[in-house]
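Presented below is the structure to which this report refers.
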Amino acid sequence: ETFEIPESVTMSPKQFEGYTPKKGDVTFNHASHMDIACQQCHHTVPDTYTIESCMTEGCHDNIKERTEISSVYRTFHTTKDSEKSCVGCHRELKRQGPSDAPLACNSCHVQ
């Protein structure tokens, strides 16, 4: 299966009605992540061959709880499993040696 990959995508928790995020949007650059398999982040690929936003309804759309598997926050920030979140993966890269993978909040979240 082949997919057309956008150069970048902007992820915004502002999409959730009634929620005011504390941090700004995140623009994800696919080019910097081309050595990572799509299904590493888009876990529905092997089953449905569709690529949806991480915050699609029914996937990671829980904005109230930070620890639930459906949590928007956990999806991007957990450090318990380096293969399951942005921060976890970036932290693992830094642990392995010099890396320019961002870890500071404002490195990804633009106000």
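Please read every residue number as a count from 1 along the shown chain.
Glycine too: its Cβ is placed from the backbone N, Cα and C atoms.
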According to Swiss-Prot, which candidate in His33, His43 joins Cys54, Cys59, His60 at the heme c 2 site: His43
Residue among binding-site residues His30, His60, His109 with least C-beta crowding, 10 angstrom cut-off: His30
Nearest-integer angstrom distance between the alpha carbons (Cα) of His43 (heme c 2 binding site) and His90 (heme c 3 binding site): 19
Which of Cys41, Cys59, Cys105, all binding-site residues, has a Cβ with the fewest other Cβ atoms inside 10 Å: Cys105
His90 (heme c 3 binding site) to His109 (heme c 4 binding site) - Cα separation in whole Å: 15
